[in-house]
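K.L.:
Take this structure first; my questions come after.
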């Protein structure tokens, strides 16, 4: 037999050869372990690797996959990018995302490392890490400023629809139910912010947006939820977009209806339909919504706030003049009308989209939740004002209450006409600000798929198409009442109740658990069920209302 010749290996290369062989073995073991624990093989990545040990098990060091929007794979930096966060905000380093391989499965990002187990080790919540100390914000807001922003974000056009909500609930049932729904909404915001603080400490991340919290909570939850982490992020952003687009449609209907009522009073011979007025209002918005910089929209915001404030104050003077007795009003409305009440109140009260942005910008974020806290005081004022307007607005106009309380003001009174025009102009200017958020979410999701030289024209085209879509929906559904209820039932019951409850269940899954008797599980199950009931019943009743309207029986 022929003898094999021996090849001499230099001594200085023996260590490299051993390390190379050991690395190859570890990678092979890692791939075998991934087949057992994760499922299908991962997609190869040029700048990622798999952590391992010689005992054929994957380890979990500080390479836990964490999430943040706007993450840059090349520079390993991320920026805060919640759906309602403004531009020009500080960046923070994200070294924990480096060298973490991930695969796409079922539309989700699955970590190719072991997930957090009981006992925690280095992956448990770090009580010594204070995320608030690591936030780098140029101009942090004080507690008072955050309180004012919370009021501004929650006190919108929904306050004008509260009398209609009481019409669908009854005077006394609406009074009690509005406070109850307000308390539930506020508690769900508490859940969201508290879970965000827990996840920030676990992952050593300074701040998170709404979609970030949802995605990271699923990654921290049971194995069955981890594969849906990217999906829940997609769902949150989708519902935020649908909610805000729906609000833009409602704004078009609101402006068109109020302008039509005033103009028709002076031009009784040639009345234009409400649908034609919506088209007229949409045309100038096609040009205004091409503004891409929030700085140039700031003057419109200031004018809108001033006009809205003056208009609501004057509206109050009409409401509180010559109030009738409560005996002539329905105390408890028919149960079939309650879903419309629920959807309207949720639409009016829910400020879930701005919550994480406000908390992220605070100088003392710990003051946002607790007792007392900025959130409790702010939502207390909001719920009280909405209840006040709803109760006395329905008491004033009774069965004649319309979708917006401004539509009940006397047409022949010039002061009332000025109120309608002021609020209509305020809502018109608010459209551009409300429109900025959904277009930002949509554009950042598709921007990387478009060639750089075509991005400007493509973005302008998407903006125009989105405004036209809002106008088309408003023309098709020009009834404010069911429209407001539909948006509240579909979007805000999901974002305001169902998603925060699921997030808490995922975050508390292993540490610290669901508590004695699993009370957190039962509590969140109740909130989820309540949200789903509102979702389906509100949607069903709103669709019936639209069906009756199209058939001419509304």
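Please read every residue number as a count from 1 along the shown chain.
From the backbone N, Cα and C atoms, a Cβ is placed for every residue, glycine too.
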K.L.:
Any idea which of 17-36, 37-56 is down as region 'Disordered' in TrEMBL?
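P.N.:
The listed stretch tagged region 'Disordered' in TrEMBL is 37-56.
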K.L.:
Would you mind listing the long-range same-chain contacts of the transmembrane segment (415-439), meaning Cβ under 8 Å and 6+ residues beyond its ends?
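P.N.:
For the transmembrane segment (415-439), the nonlocal Cβ contacts are 83-84, 156-157, 160, 240-241, 244-245, 247-248, 251-252, 254-255, 258-259, 261-262, 265, 281, 285, 288-289, 291, 294, 297, 300-301, 303-308, 310-312, 314-315, 318, 353, 406-407, 409, 462-463, 466-467, 470.
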K.L.:
With a Cβ cut-off under 8 Å, give me the same-chain residues at least six positions beyond the ends of the transmembrane segment (274-291) that come close to it.
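P.N.:
For the transmembrane segment (274-291), the far contacts come to 252-253, 255-257, 259-260, 297, 428, 431-432, 435, 439, 460, 463-464, 466-468, 470-471, 474-475, 478.
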